[in-house]
Amino acid sequence: FVHCRSLIFPLLIRAGKPTPFFTFVLALLFCVYNGYLQGRSLSNYAKYPSGWLKDPLFITGFIGWLVGMAINIHSDHILRNLRKPGETGYKIPRGGMFEYVSGANFFGEILEWFGFALACCTIESLAFALCTLFILGSRAKQHHQ
């Protein structure tokens, strides 16, 4: 279980400020541990009826996850292309969901994880969705200000 953005975004970003090694290690450990917990929860403890993939909760959650991922990837594309090479300074992103919310990338990721939680219906997936909401919500508020 790996979050798509964890693989795609680092490969697409332009050279910029380097990430401190300690921050990288903490992020890597967090992603590995969360992936392990989510995977273990789904493979060892979650029990689903035979028609679960046709259940409205699963379908709605899966669609929410897909829409959130699309918003996240598109928003990251907009952010990566804000400045021309060599340009510095703050720029306000335009287009996509940035027309509706100032932290469209954060909104997309929050939607992704709540969609995942709805599709899985586990306490572990809900806990991670709530953590994502609180952490990214506070970052989105800072970015908005």
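From the backbone N, Cα and C atoms, a Cβ is placed for every residue, glycine too.
The domain '3-oxo-5-alpha-steroid 4-dehydrogenase C-terminal' feature in TrEMBL is assigned to 18-145. DSSP states for the domain '3-oxo-5-alpha-steroid 4-dehydrogenase C-terminal' (18-145), grouped as helix (H, G, I), strand (E, B) and coil, give 96 helix, 0 strand, 32 coil.
According to TrEMBL, the feature transmembrane segment maps to 20-37 (among others).
Look at TrEMBL and you will find 57-75 (among others) tagged as transmembrane segment. Residues of the same chain lying 6 or more positions beyond the ends of the transmembrane segment (57-75) and with a Cβ under 8 Å from any Cβ of it are 4-5, 8, 93, 96-98, 104-105, 107-121.
The annotation transmembrane segment is assigned in TrEMBL to 113-136 (among others).
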